[in-house]
Amino acid sequence: MQRSIATVSLSGTLPEKLEAIAAAGFDGVEIFENDLLHYDGSPRDVRRLCADLGLEILLFQPFRDFEGCRRERLGRNLERAERKFDLMQELGTDLVLVCSNVAADALGEPALLADDLRQLAERAAVRGLRIGYEALAWGRQVNTWEQAWDLVRRADQANLGLILDSFHTLSLDGDPRGIADLPGEKIFFVQMADAPLLAMDVLEWSRHFRCFPGQGGFDLAGFLAPVVASGYRGPLSLEVFNDGFRAAPTRANAVDGLRSLLYLEEKTREHLQRQTPHVAVDELFAPPPASLCDGIEFLEFAVDETLGARLGQWLQRLGFARAGEHRSKNVSLLRQGDINLVLNAEPYSFAHGFFEAHGPSLCATALCVRDAGQALERARAYGGQPYRGLLGPNEREIPAVRALDGSLLYLVERHTEGRSIYDSDFVTNDADTSGLGLRRVDHVALALPAEGLDSWVLFYKSLFDFGADDEVVLPDPYGLVTSRAVRSPCGSVRLPLNISEDRNTAIARSLSSYRGSGVHHIAFDCADIFAAVAQAKEAGVALLEIPLNYYDDLAARFDFDDEFLSELAYYNVLYDRDAQGGELFHVFTEPFEERFFFEILQRRHGYAGYGAANVPVRLAAMAQARRGVRRVKL
């Protein structure tokens, strides 16, 4: 099956779009009429450019408001079509998309509509061209694929077929299952788009909020599976109208587009193998299976000598012990429970380059995987960029891929026997690593540019088969923050992704500090929040002070006794409870160098969230702390 994308899905000029589409690895392209109208070359020039780039022009679109027009306009519309046919022949494509009429005065008699399409198809047949008819979700008389198919069937022309678009069906809660019963040869083209699930006018939804497969909330595998079951083996194409995409970097967005199609094919293959195993799936993308990801092995910070010492002191106050020094590099290992933190101040290293670009920051995350080789091959299949660093004497090579911000994701196999990566690379000691009782990394929250959220979600979904939670919009004292978390299938790796379009929010300040994406905060799990925080206070950890009014509100919301509320307030512990009775206790440090901070948390009774209800008070408290405002001592 050929993979395609509509030029309207990308930013830039038509040549820039085509070059990006080819570089990403697409087979073909849909030429959107406005892109052609705004290009200063001829259709033949576009044809030559596509040929030079190895792209096939699979479709020209759209041809609007044709069938069911008032009878006095039919002849003029047919002449209009002839001019578009001229253009198509210059472009070298044989298929045009005709979308259902949206005019207020469009007629609705099925026999008349079918006859109009018949006349159009007969004219196209003279030139060896094909007509693909698509039902727009906001079409005046035709807005479902079933209605469109009825007209195509009635018109009964060999060169007239159906064009299917996932958005137009799923936005109306349509049922695509019946597509499996259509003759596959009468489906001429399939367009795919995802979208967040919104309650709004369908036209506005389509024009502004479509996104690539895997970035929204539609069941696209459930849509594509019956298409494949019908016998269709034609192009799969992306048609995405999105305000953010119109400003996104053209080449990076094209790469995202191809990755999203591959991801959709994989998920459709899995769907078919579960539901209808007799359907052939050989033409659908089949990468190596995702390797089980069951935790974070270590987090690596890029620092220099001075900031490395300062961060090391911070972490030691949080209960981390210096557990080792690298055998040949200026790299330290700090440990507490199953948490391993690496401070890398080695000159002329990857970390040094990252530090020069971003300052003190998280430059690498090591994921625990069952099969590192398989995980790396899957990442390659999805367009991930492998990384190989310079190895010192007797140093173990760890496979890695670059994340979207240029940081590294190491792929570590956790062995129960033999020498660990730390034994190979570090001179370790017998330091007590029990610390405050912190046990593991609970989650790592990232601050991203506003246009980057969908790309990061797709990256983790495709390369690592992570799931994604729904978006949550949270108030900051200076604007709004949007958060969406991705997580490994077993839930042991959680990555809340945060964006803000407002200039003065905490997320925006992080982006300014890092000169790009960066870690927002790191959360550590513990078994006893009050014992851990008591030790942290005693060690001099700068904990974020929470306004006392917050605890008055807790008293109104929950049936807590005064003694327990006083304990929460004394230790600055925030509290949340979910609908199932799960509980979260968490406390935050003040930021390190006004960049990232740490969270200590305890989950009880299956609580799986991140304390969204407490984000506003935490952000307000941080704003107060920046201004030097301290609460009255208890």
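Quick reminder: no glycine exception, Cβ is built from N, Cα and C everywhere.
The feature divalent metal cation binding site is assigned by Swiss-Prot to Glu134, Asp165, Gln191, Glu239. Positions annotated as domain 'VOC 1' by Swiss-Prot, on the basis of sequence analysis: 295-414. The domain 'VOC 2' annotation in Swiss-Prot covers 440-590. The Mg(2+) binding site annotation in Swiss-Prot covers His443, His521, Glu599.
Overlay of Swiss-Prot feature records on the structure.
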{"residue": "Glu134", "record": "divalent metal cation binding site", "DSSP (3 states)": "strand"}
{"residue": "Asp165", "record": "divalent metal cation binding site", "DSSP (3 states)": "strand"}
{"residue": "Gln191", "record": "divalent metal cation binding site", "DSSP (3 states)": "strand"}
{"residue": "Glu239", "record": "divalent metal cation binding site", "DSSP (3 states)": "coil"}
{"residue": "His443", "record": "Mg(2+) binding site", "DSSP (3 states)": "strand"}
{"residue": "His521", "record": "Mg(2+) binding site", "DSSP (3 states)": "strand"}
{"residue": "Glu599", "record": "Mg(2+) binding site", "DSSP (3 states)": "strand"}
Would you list, in sequence order, the residues of this chain other than His443, His521, Glu599 that have their CB within 8 A of the centroid of the site's CB atoms, where the site is the one recorded for Mg(2+)?
Asp442, Val444, Ala445, Pro496, His520, Ile522, Ala523, Phe524, Phe597, Phe598, Leu601, Tyr610
Compute the C-alpha separation of Gln191 (divalent metal cation binding site) from His443 (Mg(2+) binding site), stating it in Å without decimals.
36
Which one of these binding-site residues, His443, His521, has the sparsest Cβ neighbourhood, judged by other Cβ atoms within 10 angstroms?
His443
Quick check on the binding-site residues Glu134, Asp165, Glu239: which one has the highest count of other Cβ atoms within 10 Å of its Cβ?
Glu239
Among all protein chains shown, how many Cβ atoms are found within 10 Å of the Cβ of Glu599 (Mg(2+) binding site), not counting that one?
21
Would you list the other residues of this chain near divalent metal cation - those whose C-beta lies within 8 angstroms of the C-beta centroid of Glu134, Asp165, Gln191, Glu239 - in sequence order?
Leu97, Ile163, Leu164, Ser166, Phe167, His168, Phe189, Val190, Met192, Ala193, Ser237
Whole-number Å value for how far Asp165 (divalent metal cation binding site) lies from Glu599 (Mg(2+) binding site) (Cα to Cα):
45
In the predicted model, what is the mean pLDDT computed over the domain 'VOC 2' (440-590)?
96
Cα-Cα separation of Glu239 (divalent metal cation binding site) and His521 (Mg(2+) binding site), in Å?
36
How many Å lie between the Cα of Glu134 (divalent metal cation binding site) and the Cα of His443 (Mg(2+) binding site)?
45
Euclidean distance between Cα atoms of Asp165 (divalent metal cation binding site) and His521 (Mg(2+) binding site), Å
40
In angstrom units, rounded to an integer, how far apart are the Cα atoms of His443 (Mg(2+) binding site) and Asp165 (divalent metal cation binding site)?
37
Could you give me the DSSP helix, strand and coil counts for the domain 'VOC 1' (295-414)?
32 helix, 46 strand, 42 coil
